[in-house]
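Notes for the one structure printed next.
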Amino acid sequence: MDKKEIFTHYLIDDSSAEILIVKRNLSSIGQVMQNKLIFKFWRRTHIKESTDTEIGTINTHEEEKDNHEWDNPLEFIFSLISNSVGLGNVWRFPYLAAKSGGGAFLIPYFILYFLIGAPIYYLELALGQFSSRGPATAFLLAKGWQGVGFAMIINSVLCMLYYNVIISWALFYFISSFRTNLLWKKCGYWWNDARCFVPGADSSSFRVNGTTYNCTEPQFLNRTEYLCEQINATDRVTATEQFFFQLLLNKSNKFEDFGRPRAYPAVSLLLAWIIVGACIIRGVKSSGKVAYFTAIFPYIVLLVLIIQSSLLNGAIQGIKYYVIPRWELVAKFETWQAAASQVFFSLGLSFGSLMAYSASNKFNNNFFRQMCIVVSCDCFTGVFAGFAVFATIGYLSTELKESVSKYADASGPGLAFITYPEAIAHMPASSLFSILFFLMLLALGLGSQFALTDVPITSILELFPRFKSQRELTVIITCVVSFLISLPFTCPVRIEVFLNFISEYRTNISMVVVGFFEVYVIAYVYGFNRFMNDVKMMLGKRAAEYYLFLTWCILSPIIMLVITFSNLLTSKQMSNGAGAGYEAYVYPGWSTIVGWCIFVACIIPIPLLFIINYIQEYFSLRRKEIIRSTGPSTDNGSPDDNNYPEKPRYIEAFTQNNAPRYDWGPKKSINHIGLYAYLKTVESKDAIVLDRITNVSNDGYSNRSYQEDCISNKNAPQTPIERH
């Protein structure tokens, strides 16, 4: 064969990086064109011939440029508390507890906290700290499962968009509290109507012969002056409810009545995003300082509210409803589903925020001890806040002459904006308590919002490294885009119904599914033993090994599968009961389809990226086989040459798909020890690779020894070593 027609192939034997150099008609193609062709097919990071000093200098420069660590461990602990202890502990946990049987809800809640919540919390902190990566790249430990990280990002973005809407409501109430007389304390304002009343003995509606009137008995006796009118039971609306639904939300009657954005909630939402952007503009360097306030202040206010609400008339009835279990509800799957969703929502699991925060830790930080502190605080904060909520519910149900269960169920997501304000309105110095309470809600909400917003920002900086020096601009753009996307939440549509709709399909199902795949990938794909060895590199011990083996490898996956399938099988069309002057509402049929689309969108990256990466691995192996078959023959007639174990291509592609990527391991070079010592030989600067490529020798190889290892000698060990 003519030398001009010879094809010379060059392969870096790594599933993620290949170079195919084709040299044809070398006499007519110049060296410059050859080098451009080489660079065109260059992918990701490659091996170079360089000294350890050169590599160390490069890595040190990169690490100094990307020095994004917590100033001290206390800021990290407070930020975790702020992330986990959020608005859900004040309005979501008490609401679910009331809906699921009061004290009966605490039994599955504590069980799932111990068997699912704490183990996954440990997993996410350990994975983020070990790899110094956020969810976008942390799952490179199993190349085909990177979709788990992207599913976490989608969950975080969806929650981030509507969570800040709730924060904007708290901001509106906070600003409205700077008055001598609170706007929801009495009727008579332009947004109130004839149905408005203030709970209390002096405002109880008069009933006679089964007919209810919108006035008291003395007023009924002088009905001409007070214009008493006959009303339905659902027409009695408290001043607090009308302030929330009529003034702030201008709530529509139907899910389809969307309308235009309202001024009050839109401006409040804008202010909320400005506050979030200002606090995270410098990442953990700025949000860590704010965490001192957002973590400590809410506990002080909650303690004051518990003392005050326990002194209200009827408070003991609400507390009894809260602490006395209704055992018949413990056996229902709905109770366990609600408990599981609350555990994930409260701890911030499957959002990626824990990974993003722990990625900024020092490699040897004792995250296990910090996890125990934070999980304990979060678990008991919901219970702690429940006493204040149910004491207030007991008071309101006594004043309304209704059962505690009926009033608690009717409150829904507006619990923090109806029940609590009602209690505050009956306190002495109500304006002061209102300022403190809604400042507490802002602290609770912003602490979680900082973490949620940090997830897409961290992911952008990881996926597009050229933006790392422009973090401030990335934060600003993210906040502006998020505000515009969430602006429809300020429309008069039954917004609390809409938020409940998103939460039902995103939180109750998708987060559990993502949590299952997190545990599966670590315990079975990457390997439980290997991961515990990684933990030992950080902590010097395999912390909580037996507990994690029992939960990760056995109990947690089984429980999450049961909860997921029971949730799917028992799913039904959503509805809301009557209350606050609105009739009972059943969601339209098309909303169920939209809901399942939201669920699919949250988890679709997991199978999609697995399939895509499998196809890439399959064709990568095919190209390698072609290269080997056309390369120089190394057959020396040895009888052992053809006896080495082989796998069919589709099986080998599956194996490679579940293997770590060639550069998986601790991100910082100082931690490249033991099993990860080979990472010191991995190229870390693209410019040097390009320099090596442009100096290719005449035979087409930049490293002759590498050519001999990879092509001439099939049995020789190859670099970098990919661990299976």
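Along the chain as shown, the residues are counted starting at 1.
Keep in mind that glycine also has a Cβ here, set from the backbone N, Cα and C atoms.
Owing to the predicted nature of the structure, the values given are computational and were not obtained by experimental measurement.
As written in TrEMBL, here are the features:
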BINDING   Val85, Asn89, Ser346, Leu444, Ser448  Na(+) binding site
TRANSMEM  105-127  transmembrane segment
TRANSMEM  148-175  transmembrane segment
DISULFID  Cys187-Cys196  disulfide bond
TRANSMEM  296-316  transmembrane segment
TRANSMEM  336-359  transmembrane segment
TRANSMEM  371-396  transmembrane segment
TRANSMEM  432-452  transmembrane segment
TRANSMEM  473-495  transmembrane segment
TRANSMEM  507-526  transmembrane segment
TRANSMEM  546-569  transmembrane segment
TRANSMEM  589-615  transmembrane segment
COMPBIAS  704-718  compositional bias 'Polar residues'
REGION    704-724  region 'Disordered'
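Structural mapping of features recorded in TrEMBL.
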| residue | record | contacts (Cβ under 8 Å, 6+ apart) |
| --- | --- | --- |
| Val85 | Na(+) binding site | Ala295, Pro298, Ser346, Cys377, Asp378, Thr381, Leu444, Gly447 |
| Asn89 | Na(+) binding site | Ser346, Asp378, Thr381, Gly382, Ala385, Leu444 |
| Cys187 | disulfide bond | Cys196, Phe197, Val198, Ala239, Gln242 |
| Ser448 | Na(+) binding site | Ser82, Asn83, Ser84, Gly86, Leu87, Gly88, Tyr163, Gly348 |
Worksheet item: Does the transmembrane segment (507-526) come near the transmembrane segment (589-615), with 3+ Cβ pairs under 8 Å (pairs 6 or more apart)?
Response: yes
Practice prompt. Could you check the recorded positions Cys196, Leu444 and say which one's CB has the fewest neighbouring CB atoms inside 10 Å?
Written response: Cys196
Discussion item. With contact taken as 3 or more Cβ pairs under 8 angstroms (pairs 6 or more apart in sequence), are the transmembrane segment (371-396) and the transmembrane segment (148-175) in contact?
Written reply: no
Item to complete: Residue list, the transmembrane segment (296-316) vs rest of chain: Cβ under 8 Å, 6 or more residues beyond ends.
Response: 78, 85, 381, 384-385, 387-388, 391-392, 394-399, 420, 423, 426-427, 433, 436-437, 439-440, 443-444
Worksheet item: the transmembrane segment (336-359): which same-chain residues, six or more beyond its ends, come within Cβ distance under 8 Å?
Response: 76, 79-80, 83-86, 88-89, 92-93, 96, 99-100, 105, 108-109, 111-113, 116-117, 120-121, 124-129, 131-135, 138, 149, 151-153, 155-156, 159, 284, 367, 375, 378, 382, 448, 451-452, 454-455, 458-459, 507-508, 510-512, 514-515, 518, 559-560, 563, 566-567, 570
Worksheet entry | Other residues, Cβ within 8 Å of Val85, Asn89, Ser346, Leu444, Ser448 Cβ centroid (Na(+) site) | Ser82, Asn83, Ser84, Gly86, Leu87, Gly88, Val90, Asp378, Thr381, Gly382, Gly447
Worksheet item: Does the transmembrane segment (105-127) come near the transmembrane segment (546-569), with 3+ Cβ pairs under 8 Å (pairs 6 or more apart)?
Response: yes
Fill in: C-beta crowding around Ser346 (Na(+) binding site), within 10 angstroms
24
